[in-house]
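Noted in Swiss-Prot for the protein shown:
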- 8-28: transmembrane segment (TRANSMEM)
- 35-55: transmembrane segment (TRANSMEM)
- 75-95: transmembrane segment (TRANSMEM)
- 105-125: transmembrane segment (TRANSMEM)
- 130-150: transmembrane segment (TRANSMEM)
- 161-181: transmembrane segment (TRANSMEM)
- 205-225: transmembrane segment (TRANSMEM)
- 230-250: transmembrane segment (TRANSMEM)
- 265-285: transmembrane segment (TRANSMEM)
Amino acid sequence: MIIKFIQIIKPGIIFGNIISTIGGFLLASQGDINVNLFIFTISATAILIASASIFNNCIDKDIDIKMQRTKNRAIAIGLISSNIAYIYALILLILSFLLFLKTNFLTIFISMLGFFIYVFIYSLLMKRKSVYSTIIGSLSGATPPIIGYCSVKEHFDIGAFILLCIFSFWQIPHSYAIGLVRYNDYKIASIPIFPIKKGSFKTKINIIIYIIAFFISTIMLFFAGYTGNNYLFFSIFFGLIWIFIAIKGFKSSEENFNIIWGRKIFLFSIVIITAISILISIDYKKNI
């Protein structure tokens with residue numbers, strides 16, 4: 001049973017977001033790391049994401065049971081009651097907030113705003129109704145690196161804005177690719193994702209547009225003076241590979257091809273965002 005309580009906080013998602021949070025923190029620190037601040041920021045962010053994940057599972061339990069990918073989730077099948085899950089999530093939210101008090105007001109505001117957007121605006125209000133819910137959700141998905149960055153800087157500057165662009169633009173092709181791979185799941189659950197409402201061709205066009213926007217944003221971090229030459233080289237290298245993979249999506253519109261292609265877009269999205277997070281952690285410019 002303990003394993004089920006661990007599973008509903010989605011450890012994989014926490015891990016991925018913590019990598020980007022560390023990236024933002026180290027980019028802002030420029031080698032001068034406040035260890036206590038680092039521990040509080042990373043811990044608070046991880047716990048906040050865990051809380052948001054549980055709230056999301058509770059809200060989505062009726063649609064999770066319909067989808068092949070999510071039908072065995074503990075809350076969906078009743079192994080963990082919604083009331084217990086909500087209490088669990090609320091305790092984690094309070095604990096996260098208390099840890100964030102060790103940072104600064106801006107970091108607290110950004111973290112709580114990201115939580116609010118994900119749980120209330122995306123999960124509760126838009127996911128079942130709007131084809132553009134992914135775009136709204138991308139804003140909350142982009143908050144972890146900004147939390148890490150602003151916990152150090154204590155202000156929202158051009159660096160934070162570029163991070164917002166990078167991680168927001170990344171979220172959309174990442175999510176649309178999942179939509180193509182799990183198209184039938186979302187259709188059965190009546191979730192109006194972009195691939196279902198707009199079709200595969202428009203989805204592929206949008207994936208390319210957002211990948212290019214992501215690519216430009218990653219480069220801007222260099223030209224704004226935040227990162228070094230190694231970052232520029234590898235961000236261009238990985239970015240061009242992702243664009244190349246995306247362009248190949250127009251070879252066919254068959255469902256099986258879309259699933260295979262969507263999986264490639266999805267998998268490489270994880271590779272590239274991990275690479276970017278690591279690069280901003282180690283190849284930063286000082287005195288920015």
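Going from the start of the chain as shown, residues are counted 1 onward.
Using the three backbone atoms N, Cα and C, a Cβ is placed for every residue, glycine included.
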Cβ-based contact of the transmembrane segment (130-150) with the transmembrane segment (75-95), 3 or more pairs under 8 Å: no
Recorded stretch that, among 8-28, 35-55, 75-95, has the most CB pairs under 8 Å to the transmembrane segment (161-181): 8-28
